[in-house]
C-alpha cells in the first residue's frame, strides 16, 4: 500500500524541523564531550556484540531527546532509532511504507568515546521505503549536511552539494584510478578463512594495488580512507570528497539520512555485492535494510558519457574488484 | 656541534610568528578551494613518483609564501620545504644542528584536490635535530594544533592537549585492544611479494583481527583509521583521539611539526620497525629523517604503572604485530 505523497510545503516544514533538531541533538553531544574534557563527567561505555560494538549513556539520552521531539511534533509518524532497536528482540527490517523517522543519535560511537571529531547525529525521514529528507550534523567541526526533495543538498545550508559544481566533474575515465575509496574495517573482526573480514581485506587490497598488480585487479585508487563513521562516509560522498564508498554490515539508521542527501546531490547507491554478470547486470537502487551498500558521488557529463553512465561504469569497475559479503537480514 | 639554546623569550616569539604564519598560509589554501568551488579556477595537478603522488600549483605558491615570510623575519634560520626539496637532486637528510624550519605547505594533497577536509599546513621548527615548535592548521574545519616548549600543546590556542586531562587516561591495560589505530595505505602500491604494501597490510590485519585470530597476533583494536594525512594523524594522536599511529615512508616535513606537538603534549615517538627483541630492546626517541615512525598518545599513570610505562608496553605490543618496512634513507 503506497501512502499519499506529501506536499512540498509539508516536506519543507519537516526539513526545517529536522535541521533544527539535528543541530540541537549535536549540541547535546558536544556538551557531553565538554563535560568530559573539563573533568566533570566520566564516560560509561557498555559493550554490545563485542569489545568494539559499544553504546554510551549519551547515545541513549540523545535518542530519547530526538524521539520525544518528533513524537510531539509529528505524532502520526513512525520512529526507528538505533538504541531502541538494539534493545528489541527482532533483527527484522521494520520499516514499512508509512512516513518513518530512522535515526542514529550518535554515529561513530568509538570516535566519540575517543574524542576523534568524526562523529555525528543522523536523522533520516523515509516514505514508501525511500529516504526523502536527511540531516547529518557533526558538531565538533560544525558540519551540517542536509537535503530536501527539490531543494537540493547542502553543507551548512550555504554551500550546495556536491561542492564542485561549475561544472560537476564526471567520474574519472579510468576509475577507480584517481578516485578516493572510502571503506571501513567494521566490527566483525573474526579471523575465519573466507569470512567477511578476509573478504573485505581482499577487496581493499584489490582497490589499492597498482594497476598491474593483483592479476589485473589492481585499482590504484587515489586514496583509501577509513573514518569510522558510515554516516559521514556517505555525507562526504555526497559532498564529492569521496568518489566511492563500499560497505557491508551497516544498518538503516547508519545510512538513511546519508542516502537521502547523496541522492538529492546526484549520487548513486546500489548493492555492494557484485552480481553474476558485472558487465551487463542492471544497476538497481539499493534496498534500504539490505546492509550492503555501494555509493558513487554525484557526477556530471563528459564529452562521451552522461554523468549516470560514468557512475554506472564506476560501479562495474568496483564490482570487478570486490568480494561478496555475507550479511543476511530477515524481512529486508 | 651543538648550537646555543634559545631563550624562552626567543622561543615564544618564534611560536607567535609560526601560529600567525600557519593561519595565513591555511587561509591561502581555503581561498584556492573557494575559487574552485565558485568555478573561477581549475586545478592543475602534476604527478611526481606515480599517479597518487601529486603536487598542485597551490602547494608551490604556499611554500613560496611561507619561505619568504620566514626569510624576512629570521634570515639566519635554515629552511627546508617539501616542494623545494622534491625539485632537488638529493634524497639525503639535509637537516643539521642549526635552527631550521621544516615545512609542508599542504599535507594531504590528495584530500585537497578532492576537497576532503583533512588537509593542512605544517610548520616545524627544529634545533639540534629536535622539533621544538610545531604548528598544524587544517583550515577547512578551522583546527589549529600548536606547541611551544614549556608552554604546552593546544587546539585553537584554547584547549590544552591532550583533550582528556582531568586526569590524562593511561593506555588501556590490554592495549592495543581499546585503542584507535591510525595507519595509511600510502603511495607505494607495488604488488610485490613481501614488499612494503604487503607488509603493511599484514600488519594492519594483525592489529584489526579479534584477539584469538592471526595465531595469537590479533590486536582487536577499537578502530582502524586512515585520513590520508600523516601530519593530521600525528595531530590527532597528540590530541588523544588516536592512541597509536604507525607509518613508514613519510618525510621529515610530514612529521616535524606533529612530533613537536605530540612530545610537548606528553606523547612518545619511536621507530616503526620492531627490534630483534621486542620485550627488552630500549625504546629510543625516533631519529627525524628515518622515515619510520610509531607514535603513542599522551598517557597518565594508573595504579600500577607510570604513563611512560604504559606507553612503552603499548609500543612493544605494536612491535609484536607489525612487520619491518623498508624505506632506506641516505644521511639520516
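Backbone N, Cα and C define each Cβ position, glycine as well.
Curation plays no part in TrEMBL annotations; they are all automatic predictions.
Residues or ranges marked as Mg(2+) binding site in TrEMBL: A:82, A:104, A:106, A:107, A:254. Remark: residue A:106 (Mg(2+) binding site) has A:29, A:56, A:58, A:59, A:62, A:112, A:119, A:120, A:121 as non-local neighbours, by Cβ distance under 8 Å and separation of at least 6 in sequence.
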Within 8 Å of the Cβ centroid of A:82, A:104, A:106, A:107, A:254, the other same-chain residues by Cβ around the recorded Mg(2+) site are A:59, A:103, A:105, A:108, A:109, A:121, A:122, A:231, A:253
List nothing but the one residue from A:82, A:104 whose Cβ has the fewest other Cβ atoms within 10 Å; the candidates are the binding-site residues.
A:82
Excluding its own, the Cβ atoms lying within 10 Å of the Cβ of residue A:107 (Mg(2+) binding site) add up to 31
In sequence order, which residues at least six apart in the same chain have a CB under 8 Å from the CB of residue A:254 (Mg(2+) binding site)?
A:82, A:104, A:107, A:122, A:230, A:231
Specify the secondary structure state of residue A:254 (Mg(2+) binding site) as given by DSSP, simplified to three classes.
helix
